[in-house]
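Heads up, the thing below is written out as structure tokens.
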Amino acid sequence: MGHTIGRWIRGAALLPVALTAGVLAYAQEDDIAARLAALEESVSGSASSYVDNSYLFLIGGIIVMLMAAGFCMLEAGLVRSKNAAMQSTKNVALYSIAGLMFWVIGYNIAYPGAWIGGDEGLKFFGMPAMDAFFWAGGDLSVESDAGYAPASDWFFQMVFVATAASIVSGTVAERVKLWPFLIFTAVLTAVIYPVVVSWEWGAGFLDTKWAFSDFAGSTLVHSVGGWAALVGAIIIGPRAGKYFGKQVHPMPGSNIPLAALGTFLLWFGWFGFNGASQLAAGTAADINSVAQIFANTNMAAVGGVLAAMITTAVLYKGKIDATMVFNGAIGGLVSITAEPLMPSMGQAVLIGGVGGILVVLAVPLLDKFKIDDVVGAIPAHLVCGIWGTMIVPATHGAAFMPNEAGDPNFIGQLVGVGVTGIFVVAASTVVWMLLKLTMGVRCSLEAEEMGLDKAEIGLEAYPEFTSG
Amino acid sequence: MGHTIGRWIRGAALLPVALTAGVLAYAQEDDIAARLAALEESVSGSASSYVDNSYLFLIGGIIVMLMAAGFCMLEAGLVRSKNAAMQSTKNVALYSIAGLMFWVIGYNIAYPGAWIGGDEGLKFFGMPAMDAFFWAGGDLSVESDAGYAPASDWFFQMVFVATAASIVSGTVAERVKLWPFLIFTAVLTAVIYPVVVSWEWGAGFLDTKWAFSDFAGSTLVHSVGGWAALVGAIIIGPRAGKYFGKQVHPMPGSNIPLAALGTFLLWFGWFGFNGASQLAAGTAADINSVAQIFANTNMAAVGGVLAAMITTAVLYKGKIDATMVFNGAIGGLVSITAEPLMPSMGQAVLIGGVGGILVVLAVPLLDKFKIDDVVGAIPAHLVCGIWGTMIVPATHGAAFMPNEAGDPNFIGQLVGVGVTGIFVVAASTVVWMLLKLTMGVRCSLEAEEMGLDKAEIGLEAYPEFTSG
Amino acid sequence: MGHTIGRWIRGAALLPVALTAGVLAYAQEDDIAARLAALEESVSGSASSYVDNSYLFLIGGIIVMLMAAGFCMLEAGLVRSKNAAMQSTKNVALYSIAGLMFWVIGYNIAYPGAWIGGDEGLKFFGMPAMDAFFWAGGDLSVESDAGYAPASDWFFQMVFVATAASIVSGTVAERVKLWPFLIFTAVLTAVIYPVVVSWEWGAGFLDTKWAFSDFAGSTLVHSVGGWAALVGAIIIGPRAGKYFGKQVHPMPGSNIPLAALGTFLLWFGWFGFNGASQLAAGTAADINSVAQIFANTNMAAVGGVLAAMITTAVLYKGKIDATMVFNGAIGGLVSITAEPLMPSMGQAVLIGGVGGILVVLAVPLLDKFKIDDVVGAIPAHLVCGIWGTMIVPATHGAAFMPNEAGDPNFIGQLVGVGVTGIFVVAASTVVWMLLKLTMGVRCSLEAEEMGLDKAEIGLEAYPEFTSG
């Protein structure tokens, strides 16, 4: 008992310590709780990764927007001067129409709330939501659950549509009539492109059933534009005088420095196109990935340029072809677009390099079939778009068939490429043919000879430079 | 008592718990306090929203800076080739002068520490602070209370001044002498523009008494440039041979693709112009708003392009006018600048669309009065600037008069538009007339015919392309 | 004892308080610990300054990438039309080669893990690390210890190499053969530039022994390009017909508006070049500095433009020289590149202004020595690069000799400028001479007269504009 009491006394001796510690803890507690709350508010108020993510879309979006200027310069430089004002005007107009259509209906189709046939169905055609026509942003005062500003995403998606439309413009230049072209653009950006996008980025059948993988759109954007351009080139036919018999009459571009500028602007914009397709930048892992995508994207373009230079130097007895070099860059960029993150930088050079070679080989092939692609958009965007998509599994474990892990696989990629091709060719054929049968798609021979600048917009691109 | 003792004993039995809890709390406390301190330093050191805000100004600023290139290309493309080198040089020079003047005095006038007449006075002319000439940045090592890097704000403000100056340049092209033009630019950017800005963004009478609302400067930037251009065009007179009797002699631009490039660069820069005028990006609400402004700004330009296309097609029998389309984009952008956040995207299309129509209608109107505006800057920047400003209340509750809530209202907008017009017209008249009476503002007829390139800079824009 | 017992009792009376406080503290503790942990994860997960830093490199990097387009436009505009397609092609190719070489070996040399001769040795030649050829990014899933995404830094470094290579391209235009030029570019970007960079940014002898200071590369980038260009111009010789006796035959540029565009694009890109060389943006101090660098960089270009305008107006009887104005901007930008942060904005104007004057004075000087620099790159990049480097100590305490504090000092700067010059001149001479003796560096007189477009790439820049 004495022992017990002694224990109690020793225990009690510690009482003041406990007391002090407890009370002090309680007091500090208040301070810490207040500091913690302040910090929480600061961290939440600053919305750090929310802002970082939104910046990615906004900055990425505007530099992709500048790709519209890039296409404009490339095409204005590669058409003959008598059509250069028209081509410039078309590019401003198509960018506008793409934005309008994607707002009215395109976004709604691309990211459907539900599928016709239900979630167990084919997931082929989305069911547009009645309240999602005329896309609107939602509550600006709160963080969106998506983790980024809603309009930043819409904006970023919108400039992608415009890219697809720009591709068509170059191929069918110098003979397509303005209004049918713009109507085709409207249908492409309102329906055709969004349907294809819904299959993959909208969580449709390519995504859920085939593990189709297309990071930034080699197939979904570039091949869609390329297929539509191909159908347009066939239905509209080649420029007058381009082909007689087996001979190909060259019709050189009128302003090569502008085409070079266009190439650089496209290259520049592609950092946004691929980099911001990472879709987030608020964590170390995300921003590391964005940075790696920048480096890989650049290396693929480098590969495309050098491969095109070397290939043309070999094929053309030491002379390189400037337009092939420019298209080599674009071909390299399209090739890496389906997977700009997983390849090593060396693989990126190779993937882009093959793209550059494909461009050089595909141009004469098209001529052989008398398919007149004024700026070489079909080789760069369609051929390289397919190549870039098909090589994806090679840097992802090289699965052959869809598997349980959902790895990218060759069959899935082939299905994606094929179904996209079939759908876009079919839909484009219907639209181009309807336009041909109703209002006509091709300007008169007279207008073509005079140049579309004079014929359709009553103003010449370079009134003082040419004797015309 | 036994009961009491029992209570004590039971109480004492809890002593070790209290003891443990207290001491443990105290120990953990240390750990938590340390972690909290580390976190506080990390959060404060990373200065997340401070950085986000500053980035908004810096990125916005450089892309607005690129608008100088946009104006340069638009104007170089729309003048005749004999003046294109001069026009390019002027654009480089005016951007430089604007920056210099805004540094020397402009910023000081635009954001006055005090008002002549005091805070109860008219708040019309600010009292420049003696220590604020030659703007300097302050302490780089600490967070500015403003919530963003001081120089980021200065830089962003500076590129706005340059925009106002760029507007004048296009209107008076092809006949104004270089040095008088540059002196006018210096006065415009040192005094005229800053005084107008002080009324609103510098918390002067338009802001405090009229609830005038001009988000990014339809009136403060674009109409200021437009009024100064209008006065210049009248005082300098039209180009030789432009008008005889009631006839208007067209003098087509020499390089339409460059004008298209200029349009795209302006469009691109406008995302910074309007978007970064949100002035903050560090919270979800702010970045959501920036994103919505991007989307709305784009839709207004879309509306301007399509409206100008359709209007010219209707007026000119199916032919669209390329320069009208380009100016339609700019008109749409100017129209949405006074309020790019509140409108829905559909309203943005409409606001921009009306702007595009106004451009098409205003151009012949100016010609009727023999006001020779070489690039169409007055319709796009002045007319659309007024339109954009007047429509602001419509998306803000449509107050008619200033009210207690400080809502934007039609009378306030009218006062802002009117006072700005009166002041800029008066000041510009004084400056242009002084220049006319002293050194002359107009080059000789001989120089005009020869072209300013040869006459004033001794170098041709395109020495190999033209027979001249 | 009663007293003692009383004390105990009073003490014990506080027991419940201690108890409550302790237990409560313990409970709250859990809550606070959980909240703290959540916050820590959020803060760490959002990686705020890591992302901010990486963004600085990525955004800075892409706008420096656009300087490649700027050089391309400047050069395409300043050569004669018969060489403009070639010049455009070269610019696309050199940007590609620079990227490839810097990836293969350049980065490894520039940032050596060890020095030949060891850390106590000269630190002149780095020892390339065996595992650092073909730069690869490292683990994407974790924060790099460097505090930014690894590939963002690589990308930013890579666009600097391309800048150095671009400088050479303009000087030797219109007569250098394509392939030797590209091989020289490869050596310059693989070895010569990286060795120089290793001395300073790679922590070599200029950094550790001389306190050499070159913030963004007036010497390391611009003078390296300038020296290589100078040697090239001398070894290749002037264009045919440029000089006879003491007479200089002017060969005016073919497209001045493109040169203006190039100037604006370079100016735009320079915000990234200098601003992102702050290397961090995640704290208030860093972003304040980045912002101040933007403002100073702009003011130096302003100074360069205005000084070149005034100087040419004085020298050439009132006529200003457009190409001098453009090069004045570039000269001003190069001059501020060695130290864009410390100068006041007024000092920035002066530093840039002297640069602008140097450009105007150096151009005729080169002509006197019959050194044919087609675009004026040597005055702008080499002369101003030296000037900008030598003036650094003036805004840093003006130390004359290296001191213990490691301040920038005139002797150190002189050593840096001198050793760089000697090394680059020697290395470039070897490479250019080897090329001259093996494959030849200069096209035939026939090719030069015909123009390199036809001779080497079989395609004209402007086939419809010139009678040629």
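Cβ atoms are placed via backbone N, Cα and C, with glycine included.
Curation does not apply to TrEMBL; its annotations are automatic.
These numbers come from a predicted model, not from an experiment.
Taken straight from TrEMBL:
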DOMAIN    A:57-462  domain 'Ammonium transporter AmtB-like'
TRANSMEM  A:55-79  transmembrane segment
TRANSMEM  A:91-110  transmembrane segment
TRANSMEM  A:154-173  transmembrane segment
TRANSMEM  A:178-196  transmembrane segment
TRANSMEM  A:216-236  transmembrane segment
TRANSMEM  A:256-273  transmembrane segment
TRANSMEM  A:293-316  transmembrane segment
TRANSMEM  A:323-342  transmembrane segment
TRANSMEM  A:348-366  transmembrane segment
TRANSMEM  A:378-398  transmembrane segment
TRANSMEM  A:410-435  transmembrane segment
Statement: The answer for the transmembrane segment (A:293-316), taking Cβ pairs under 8 Å and residues 6+ beyond its ends, is 267, 270-271, 274-275, 277-278, 324-325, 327-333, 335-336, 340-341, 343, 345-346, 348-357, 359-361
- prompt: Other than its close neighbours in sequence, what residues sit by the transmembrane segment (A:378-398), given a CB gap under 8 Å and a spacing of at least six beyond its ends?
  reply: 167, 171, 213-215, 218-219, 222-223, 225-227, 229-230, 233, 327, 330-332, 334-339, 342-343, 347, 351, 354-355, 358-359, 362-363, 366, 371, 407-410, 413-414, 416-417
Message: Take the C-beta pairs under 8 A between the transmembrane segment (A:256-273) and each of A:91-110, A:216-236, A:323-342. Which stretch has the highest count?
response: A:323-342
Query: Sequence-remote contacts (6 or more beyond its ends) of the transmembrane segment (A:216-236), Cβ cut-off under 8 Å?
result: 160, 163-168, 170-172, 175-176, 184, 188, 192-193, 196-197, 200-201, 273-274, 277, 334-335, 337-338, 340, 371-373, 377-378, 381-386, 388-389, 416-417, 420-421, 424-425, 428-429, 432-433, 436, 441-442
Same-chain residue ranges lying at least 6 outside the transmembrane segment (A:410-435) that approach it to Cβ under 8 Å: 180, 183-184, 187-188, 191-192, 195-196, 199-200, 206, 210-214, 219-220, 223-224, 227-228, 230-232, 235-236, 386, 389-390, 392-393, 398-402, 441
Message: Can you give me the average pLDDT across the domain 'Ammonium transporter AmtB-like' (A:57-462), rounded to a whole number?
response: 96
